[in-house]
Amino acid sequence: MNEVIKYESVIHEFDPYFNYRVTQFLTKSGIYEFWNWFDDRTWYPLGRVIGGTVYPGLTLTAGTIWWLLNSLNIPLSVETVCVFTAPIFSAFASWATYLLTKEVKGTGAGLTAAVLLAMVPSYISRSVAGSYDNEAVAIFALIFTFYLYIKTLNTGSLFYATLNSIAYFYMVCSWGGYTFIINLIPMHVLLCIVTGRYSSRLYIAYAPLVVLGTLLASLVPVVGFNAVMTSEHFASFLVFIIIHVVALVYYIKGVLSAKMFKVAVTLILTLGAIVCCAVVAVLIALVASSPTKGWSGRSLSLLDPTYASKYIPIIASVSEHQPPTWPSYFMDLNVLAFLVPAGIIACFSPLSDASSFVILYIVTSVYFSGVMVRLMLVLAPAACIMSGIALSDAFEVLTRSIKFQLPGSSVNSQVDAGERSSENVVPQNDMAKTDKTEETLKERPLRKNRKKEREHVAGEKPSIRSKIEKRLLVLPLEASILSIFLLVLLGAFYVVHCVWAAAEAYSAPSIVLTSHSHDGLHVFDDFREAYAWLSHNTDVDDKVASWWDYGYQTTAMANRTVIVDNNTWNNTHIATVGTAMSSPEKAAWEIFNSLDVKYVLVVFGGLVGYPSDDINKFLWMVRIGGGVFPHIKEPDYLRDGQYRIDSQATPTMLNCLMYKLSYYRFVETDGKGFDRVRRTEIGKKHFKLTHFDEVFTTHHWMVRIYKLKPPKNRIRGKTKKSKSKSSGTTTKRRGLRKKNPWN
């Protein structure tokens with residue numbers, strides 16, 4: 001909530017503005033209009049079918065909350081509901097983490113993991129107020145689906161298996177990361193089968209999920225038949241066949257004799273291998289025509305981290321798709337990065353189906369987070385679970401050590417008595433053998449009393465033995481107290497870091513920027529200033545061209561048609577805009593004019609030191625444009641392999657449209673043209689624009705808007721001299737000929 005207190009109730013980043021706009025349409029027009037909505041204000045002139053290209057989980061969730069609140073006469077605006085959806089579901093995610101960890105290691109570990117997740121910076125980055133993105137509800141759906149899977153695995157209940165399929169369906173509706181679930185669970189099932197841990201509970205936990213979950217997933221329009229036609233889902237089907245073969249083998253083993261069982265197993269394995277080969281052949285035939293063999297570009301980027309940079313630069317250009325640095329792990333996880341190995345070790349004592357699942361979860365999430373920094377969000381719950389298990393076991397050992405060594409402890413005296421009684425067992429047996437005559441003279445107890453006595457002694461022996469075994473884990477009193485103090489201190493550092501990260505690093509909205517200097521706090525509200533100017537000073541049907549990062553915000557806040565936006569579904573369209581930005585002014589004007597563009601928007605941070613401007617993104621425009629239009633070559637914009645904008649920059653760089661629109665009149669600000677982001681003086685300072693007019697520049701020069709000049713009118717009867725000279729000889733030969741007055 002710090003974002004709302006420090007700034008205002010505003011939506012963050014770029015993608016959330018599209019989600020907010022879609023939610024507004026849903027609440028105004030209804031669910032049926034939402035499914036059939038064709039948005040003509042995006043991707044001009046192509047447009048976009050919103051209902052069939054968006055994951056509807058977040059929108060439907062926020063729309064349902066808004067409808068319920070208004071039904072209860074609580075008149076909240078759609079924007080307010082969207083702003084606070086993420087914090088609400090972060091509480092649900094902590095609750096789901098408690099349930100999942102409780103199923104693995106008990107209540108203490110569950111409470112610890114829930115507390116850690118409530119503060120972990122990696123999850124705070126997507127759960128602060130205003131972060132209205134798909135991950136706001138998807139992380140809860142991810143953890144809750146895992147919990148229901150483990151619950152079904154522990155209980156063998158078909159009821160929980162059905163709930164698991166429904167939770168998976170909600171996850172499919174919410175985020176494309178659902179493929180992580182449908183691959184992780186089959187991996188765990190296969191691991192259990194290979195290690196000899198197959199049981200009927202495992203079958204109940206997995207089979208309904210594949211059948212019912214896949215049927216439900218295919219109902220989501222954006223997924224559709226991809227649930228059975230893409231390579232991301234094939235692993236679940238292959239494991240589905242394997243588990244049925246294994247289940248059939250176990251069933252026959254209990255019915256047939258040993259000799260017949262060997263024959264039957266041979267037959268079943270042969271048939272199972274034939275079926276698996278047939279299924280694999282069918283799947284290969286389905287994806288053989290695809291150049292990526294049925295894998296999506298993002299999936300291939302996860303499997304091969306170099307794939308996107310080689311073949312799909314539009315994916316590699318996104319900052320969230322870059323691999324993280326080592327400091328980012330400490331920034332997003334803090335002390336959890338050091339507690340995770342201890343949690344993995346604790347899961348092996350003892351190893352169960354549930355603990356093996358969370359081990360597999362943490363291993364895979366660590367790998368994927370190392371490929372994309374965005375997937376640190378998937379790693380955060382696993383790290384909290386492992387850290388919660390480690391801290392819970394550590395506190396249990398340390399507190400037990402203190403408890404055993406306190407003077408006058410009842411537990412200590414009981415264990416001592418148990419040890420003495422166990423030591424006296426052998427002498428009592430020897431005395432019983434020597435005094436047989438005396439025993440015959442005594443009255444023998446009844447059989448029932450002797451049976452009860454044996455049960456009572458048998459019940460006491462394990463408890464005494466377990467207490468004695470626990471006594472072996474007792475640490476010295478001073479070491480236990482010091483260790484608890486250090487763990488509490490470690491937790492205090494974690495809390496301080498998380499509070500700082502929530503207040504400073506992840507609460508600042510990207511649309512309103514701030515900076516601190518000796519003069520105090522400075523607020524940069526240039527983005528909303530520019531969008532407000534577009535909204536009030538341009539026609540409703542005007543088209544605005546910009547790099548795709550700002551498409552969602554332009555459509556949502558300025559209500560103007562854009563050429564490209566953050567959906568990035570059409571690489572050729574984005575490459576066209578990148579080519580225009582990389583071309584000379586006249587060629588760029590012709591490209592934009594062919595797209596019916598009236599205004600061009602660029603983001604420039606050279607005056608105030610804003611590093612995420614279009615000049616820093618320009619090389620990605622060149623790479624994406626050059627991937628479709630070969631005449632755009634990246635080396636033409638580099639000087640000896642270096643990207644420069646000073647006097648050593650290449651002529652191609654100094655004459656491209658992006659350079660001119662960013663640095664036009666920039667020398668007038670300080671007389672030198674010093675760029676604070678690149679920390680150098682620009683190379684080309686004094687120039688004029690021939691095909692564009694500057695119509696608006698924000699207060700801090702962060703957003704600049706230009707208007708395309710109209711094409712010049714043709715003069716009637718005017719012909720080029722070259723044409724008249726070349727056609728002179730042919731005219732004399734052919735005699736008198738009337739000329740076209742429009743040429």
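Placement of Cβ uses the backbone N, Cα and C atoms for every residue, glycine included.
Residues or ranges marked as domain 'Oligosaccharyl transferase STT3 N-terminal' by TrEMBL: 3-386. As annotated by TrEMBL, transmembrane segment applies to 49-69, 81-100, 106-124, 136-161, 167-191, 203-228, 234-252, 264-288, 329-348, 355-373, 472-496. Look at TrEMBL and you will find 432-459 tagged as compositional bias 'Basic and acidic residues'. Annotation source TrEMBL lists domain 'STT3/PglB/AglB core' at 541-600. Sequence annotations record features per position, and here TrEMBL assigns compositional bias 'Basic residues' to 712-724, 731-743.
Tertiary proximity for the transmembrane segment (81-100) is limited to same-chain residues at least six positions away from its ends with a CB under 8 Å from its CB atoms, namely 1, 4, 9-11, 16, 19-20, 23, 58, 61-62, 65-66, 69, 110-111, 113-115, 117-118, 123-124, 126-133, 136-137, 139-140, 143-144, 146-147, 150-151, 358, 381, 384-385, 388.
Between the transmembrane segment (106-124) and the listed ranges 49-69, 203-228, 234-252, 329-348, 472-496, the one holding the most Cβ pairs under 8 Å is 329-348. Across the domain 'STT3/PglB/AglB core' (541-600), the DSSP tally of helix, strand and coil residues reads 33 helix, 8 strand, 19 coil.
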